[in-house]
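Enquirer: Residues or ranges marked as L-aspartate binding site by TrEMBL: 171, 217, 445, 486. Feature annotation from TrEMBL assigns ATP binding site to 217, 218, 219, 226, 479, 531, 532, 533, 534. TrEMBL lists 138-552 with the feature domain 'Aminoacyl-transfer RNA synthetases class-II family profile'. According to TrEMBL, the region 'Aspartate' annotation covers 195-198.
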C-alpha cells in the first residue's frame, strides 16, 4: 500500500497528478453508466469518477457502502463543483481499483445526521465513530489536551502520574471498589480525584504539578456525567488564591485561542458565592441573560396574602423573576407547566402577576394595595406585557427553584447564543453547610479546603459563617472547574475533621498518612481541576458527554459494545474470596 494523499487535501493545484488514495465508500452514485464514489477517510472526502468505457466500470457494480478501497488515478477538474467540500473542485479519474475489504450493511447511517437510536450507536460504536462530526470532536479533544500540555509545560509544571488503585476515602460520591486477591477481605478504590496524592506531591517539594487524570465516581448518570471521566488536574506550592486564578485563566485563554481561534482579552468577572445565590439562585449562574432574582420579602410581608406572610413569619423569603414579554409568551396553561416545573424542585407553588396596559393582573393582585402594586412594578422593573413569577418558601427552596426555572425559561425561549462564551469566577464559598436531615456539617467543596485567614476563629464559634479560599470557574451556567487553597497545618485539618463529625479513629484510618505528612514541613499550596470532557462539550457545542468520550457508558453504567459490566466465573470470585448474594 502506498497512499500518496489523504481524501481531504487535493485541490485544483494538483490537477494532472497521479495519486493513490485509500478509504471507505461513503456514497456511490450511478448516473446512467457514469459511476461516482465518495471516498472517505479521517481527513475528508474525495470524489472518484469511473467512465462506462473504463475496464473498472463492471468492478464498481459490486461495491457497496463502507467497502474499504485503494485506488490510483489522475486528478481532474470537476464539471459540477461542490462548494460544501474542500475537495469539491476536483475528482480523481480512477485507473486502478483494489477492494481491501468488504463490509456488511451497516446498522446505522454513517453520516453527520444519522437516524439510529443511541443504543444502536453505542453498540456499534466503532461504526458511529466513523461519522465525520464525531471524528471532529476528537480532533478538538486532541488539540485541547495538546494546548493544555503546551501551556503548563511552558509554565514549568511537571506531569506526574498518581495511582489508579488507591484507598477508599469519603469524597462525596460512592467509590468503585476493587477487591485485592493478595490481601483477602480488603479493597482498593478507583480514585474520584488525585486530590490527596497531588497534595502529597506538594509536601514532597514538586511545587508545580499537573496531570490529565482519569477519575471514577459511582453516582447517578445523566447527559453530562460518565462513571469514568477525565480531569485537567493542577496543584502549586507557595501560591495564593490569586496566583491559582491567574494561571488557570491564562490557560483557558490559551486553549480558546489555540483550539477555537478566539481571543479572550478581558479578565474573567468575579462573583461571590452569596452574590450568585442571591441574584441567580444557583452557584453556577448563567450571566448571558438577565432575569435576576428580585427580593420582595419586605413588600410581601406588608400584604394581606397569607401564603406570603405566614412563610415570612416562619423565616422564609419571597423572590421572583421578571420574564420580559412573558404575558404574551405564557398563557395560563404555560404558567401551569412552569408551576409543575418548580414543584418538582420542592416549591409549593408559583404565584404570578402580569403587567398589561399599565395595570397588574393575576389572582394575588387583590392582596396588594394600589401603593404596594406600584412598589412591586418598580422592584421588578416591570414593563407592559412582562410576567413576574414568584416563589415563597425557605431560602434554599426559593433559590434553587427560581434559579433553575430561570435557566429553563432561557432555554425554552432561546434567550442565549450558544456560540457566546461567558466565563465567570465564583469565589468566597462557605467552608461548610449544615444539613438538617443529617444533623451535621458537610464540606461545601472537600475537607482539605483552607479557611480564609480572618475566619480561622469562626471554626470554634460559628463554622457555618467561615469562608474558604475556594473558587469555581463557571461558563454558560456550567461548572467548568473548581479548586481551593489547601489546609497545610495539621491543627486546622484536625479541627475541620472534628467539625465534619469524623472521629479521631476514622481520621487516622482514612487520612492518617496525610496527617502524618502535614507534620513534615508542608508548604502552603492550592490547585484546581477542570473537567476535560465538559470543556470539550463546550468547545464543540454539545450537551451530551457521550459525543466527546470515545467509548462511553449508558445512563445505567453499561457499555453496550463490550457488554460490561459482566458476570465473572466462580473460580475468579473464589480467588478473591467473594460470593455473590442473589
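All residue numbers here begin at 1 and follow the chain in the order shown.
Using the three backbone atoms N, Cα and C, a Cβ is placed for every residue, glycine included.
Because TrEMBL annotations are produced automatically, they should be read as predictions rather than curated entries.
Situate these features within the shown structure.
Expert: Under DSSP, residue 486 (L-aspartate binding site) is assigned to a strand (E or B) in the three-state scheme.
Under the three-state DSSP scheme, residue 534 (ATP binding site) falls in the helix class.
Here the domain 'Aminoacyl-transfer RNA synthetases class-II family profile' (138-552) has a mean pLDDT of 96 out of 100.
Through the fold, the region 'Aspartate' (195-198) approaches residues 162-163, 166, 169, 171, 209, 211, 233, 235, 446, 448, 511, 514, 527 of its own chain, all at least 6 residues removed from its boundaries and within a Cβ separation under 8 Å.
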Enquirer: Among all protein chains shown, how many Cβ atoms are found within 10 Å of the Cβ of residue 219 (ATP binding site), not counting that one?
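Expert: So the number of other Cβ atoms within 10 Å of residue 219 (ATP binding site) is 13.
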Enquirer: Where does residue 219 (ATP binding site) sit in the DSSP three-state scheme?
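Expert: The three-state answer is coil.
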Enquirer: On the three-state reduction of DSSP, what should I expect for residue 445 (L-aspartate binding site)?
Expert: coil
Enquirer: Let me know how many other Cβ atoms fall within 10 Å of the Cβ of residue 217 (L-aspartate binding site).
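Expert: There are 21 of them.
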Enquirer: Reduced to three states, what secondary structure does DSSP give residue 479 (ATP binding site)?
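Expert: The three-state answer is strand.
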Enquirer: For residue 534 (ATP binding site), list the number of other Cβ atoms lying within 10 Å of its Cβ atom.
Expert: 21
Enquirer: Which of the binding-site residues 217, 445, 486 has its Cα nearest to the Cα of residue 534 (ATP binding site)?
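Expert: Nearest candidate: 217.
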Enquirer: Enter the number of other CB atoms within 10 angstroms of the CB of residue 532 (ATP binding site).
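Expert: Excluding its own Cβ, the number within 10 Å is 22.
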